[in-house]
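Residues annotated as domain 'Class II aldolase/adducin N-terminal' in TrEMBL: 28-231. Taken from TrEMBL, the feature substrate binding site covers CYS111. Per TrEMBL, Zn(2+) binding site is recorded for HIS129, HIS131, HIS204. Residues annotated as active site, proton donor/acceptor in TrEMBL: GLU154.
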Amino acid sequence: MASCCETEAAAVTTEAYLAGAAVREARELVAELCRHFYAPGWVTGTGGSITVKVNDPAVPLADRLIVMSPSGVQKERMVAADMYVFSADGKVLSEPAAKPWPNKPPKCTDCAPLFMKAYQMRGAGAVIHSHGIETCIASMLDPGAKEFRMTHMEMLKAIKGHGYRDELVIPIIENTPYEYELTDSLSEAIAAYPKATAVLVRNHGIFVWGDSWISAKTQAESYHYLLDAAIKLYQLGIDWTTPEHGPVNRAKRSRSILNPGIPNECHAAEPLKCVVLDIEGTTTPISFVTDVMFPYARDNVRKHLTSTFYSEETKEDIKLLRVQIEDDLRNGIPGAVPVPPDEAGKEEVINSLVANVESMIEADWKVTSLKQLQGHIWRTGFEREEIHGVIFEDVPEALKNWNSRNIKKQKRNQELF
Ligand SMILES: CSCCC(=O)C(=O)COP(=O)(O)O
Ligand SMILES: [Zn+2]
């Protein structure tokens, strides 16, 4: 004799039940959600997919029929008759009629095996698969991340089991060429994250489930909001994973040096080993270089050459400058003037060198001889404390932080320090 549950499960698969109000309403609902989710870009380009369980309080949730959107269709044009109906154990009970060319023959969504995992493993009442661009990009912020984390956002309250101060953790699985190939990794993520009501698929989108279609929709909206916020905070250099959410552009730069990429490296697959630093615009404002360093070099050429004229270093600098100036004279570069031989005397040589260097600086001449001389002038300036280095206010903190973690620092093109 069949048990009462077997009887109920069989009753929902009859033609009469399939044609009844409960199934019709579920079909209409999925069609409506398809149309609705088209506008925010969750299901454009035939991407994304939606499923709900038929709402029939007389039938236990586990036995309720399942309605799913079809595959490869224009979601904004969906109507109730376009839907597939499945038994609770995943057998197709009803499929849509074929449509004339250029429509493709009907096919159920490739997400069906994935949806079934959310139904079977979580007792879901509905599942939404979105290709919303924010879900895709948020999964790409750190290519090695296995999770997306966020806290202290009001919209967290819309996620089941979460309050404002709770930490949201969304597992991230890697995309595959075909949607059905995600089934194993999705079910592993569902099993590994019992509190999760969503799984991100990298470079692809998100699967969100809830006890009912309202819960799935509300949470999906919140996930899209939070992921969009994370992308914007990433662009601002703000850390969305900590309660404080980090500094907002304190140093008037687009990003903090401590958080040049992923905040707190909380998503990094590998711990940070080395940081390569530039100076101009990274540790030091560009304005310091343009407004202080270059003018200092220009104003101190004569003084530097006069005080160091007989040093080996300056002799080398002058040798290099002579070669460059001869070359410039040969090429008719404006501002280049002949440098007399050493026998003409120190003052004569310096006068012509100063004239040449000034016109090189004026023309922003990027040549080694000039850069080398400027470097030596700046060094003297720093040693005599006539110029003082400027660094952004978060640089000492960043260096201390990296030092304490034994992370090597490297100035671009130079040695580790
Ligand atoms: C451009 S959509 C690629 C397939 C996909 O990822 C998706 O979500 C839609 O699959 P379906 O089989 O429902 O069309
Ligand atoms: Zn998809």
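One is the number of the first residue shown, and numbering goes on along the chain from there.
Every residue gets a Cβ built from N, Cα and C, even glycine.
Note that the structure is a prediction, hence the values are computed from the model and not measured.
HIS204 (Zn(2+) binding site) and CYS111 (substrate binding site) have their C-alpha atoms 13 Å apart, to the nearest angstrom. Highest Cβ count within 10 Å among the binding-site residues HIS129, HIS131, HIS204: HIS129. Here CYS111 (substrate binding site) is positioned 8 angstrom away from HIS129 (Zn(2+) binding site), judged by their C-alpha atoms. Same-chain neighbours of the Zn(2+) site beyond HIS129, HIS131, HIS204, judged by a C-beta within 8 angstroms of the site's C-beta center, are, in sequence order, GLY47, GLY48, SER49, SER130, GLY132, THR135, CYS136, VAL201, GLY205, ILE206, PHE207. Taken residue by residue with DSSP, HIS129 (Zn(2+) binding site) is part of a strand.
Least crowded of the recorded positions (CYS111, GLU154), judged by neighbouring Cβ atoms within 10 Å of its own Cβ: GLU154.
A gap of 31 Å separates the Cα atoms of CYS111 (substrate binding site) and GLU154 (active site, proton donor/acceptor).
Taking CA atoms as the reference points, HIS131 (Zn(2+) binding site) and GLU154 (active site, proton donor/acceptor) are 24 Å apart.
Averaged across the domain 'Class II aldolase/adducin N-terminal' (28-231), pLDDT for the predicted model comes to 98.
In the three-state DSSP scheme, the residue listed as 'active site, proton donor/acceptor' falls into the helix class.
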